[in-house]
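Report on the following structure.
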Amino acid sequence: MDLSRINTWKSKQLKSFLSSKDAFKADINGHSVLYYAIADNNVRLVCTLLNAGALKNLLDNEFPLHQAATLEDTKIVKILLFSGMDDSQFDDKGNTALYYAVDSGNMQTVKLFVKKNWRLMFYGKTGWKTSFYHAVMLNDVSIVSYFLSEIPSPFDLAILLSCIHTTIKNGHVDMMILLLDYMTSTNTNSLLFIPDIKLAIDNKDIEMLQALFKYDINIYSVNLENVLLDDAEIAKMIIEKHVEYKSDSYTKDLDDVKNNKLDEIISKNEELRLMYVNCVRKNY
């Protein structure tokens, strides 16, 4: 039987069908009647099916809450949650319903889940399958910004650093700024601990580097000799930051600033020495 047109059935036909023993079995397409009701965003039919026992007869391959999370309207999600569906359940792909709300960009549905349980954004069978990381990967600044606003206390720094690494790799400047601003405002124990800049340097992503260099970024975390000799614009940015660190009373005595090969590299190259001198003059 094909149930794909059940949304057009008359009430008498629907009532007769729901009283049959096959009411909640899969049709020829492998779907249940509830699947089609949700797909059509038919709130009334969904309520009828729930009252008839649809949630007690779910197919193994169907996840109504996950499906409803892809809809722009939040009504069916609210109904399913009120009916007792588990918002932390993983589907057969290892994702939560919130993951699909994020995937669809449905901010109102995202808010609905997070207000109920903010920890859902970090639920996933792996760290890469969480709703938070998925929003970062999608470069959805609005959703990530909302997520950050709903976290009551700073979360795992390793997760945050991994997300920042991803934004640098993908060249997502606005997302990187959002995450770095959050990190610097909530983490006070890691001066010059911002993720390494190698990815941005390798990609010659000047826009990303310009954004990164506004923070206390660790310019000493990679081998900079080839960089300094290969790209004049990036070399100038690195030297300017180095001079800034050496002249700042807060950073000049840090081991990373004092014990590095940057000054030696600069001293051996006339062009780099000139850049350095100009930077020093500009700082005084």
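In case you wondered, yes, glycine gets a Cβ from its N, Cα and C as well.
Fair warning: this is a prediction, and the values are worked out from it, not measured in the lab.
The following features are taken from Swiss-Prot:
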type	residues	note
REPEAT	29-58	repeat 'ANK 1'
REPEAT	60-89	repeat 'ANK 2'
REPEAT	93-122	repeat 'ANK 3'
REPEAT	127-157	repeat 'ANK 4'
REPEAT	159-188	repeat 'ANK 5'
REPEAT	192-221	repeat 'ANK 6'
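Below 8 angstroms of C-beta separation, residues 63, 65-72, 74, 77-78, 81, 87, 129-132, 134-135, 138, 140, 142-143, 146-147, 150-152, 155, 159 of the same chain, each at least six residues beyond the ends of the repeat 'ANK 3' (93-122), sit close to that stretch. Sequence-distant neighbours of the repeat 'ANK 4' (127-157) (same chain, 6+ residues past either end, Cβ-Cβ under 8 Å): 94-96, 98-99, 101-103, 105, 107, 110-111, 114-115, 118, 120-121, 163, 166-167, 170, 172, 174-175, 178-179, 182-183, 186-187, 190. DSSP assignment over the repeat 'ANK 4' (127-157) gives 21 helix, 0 strand, 10 coil.
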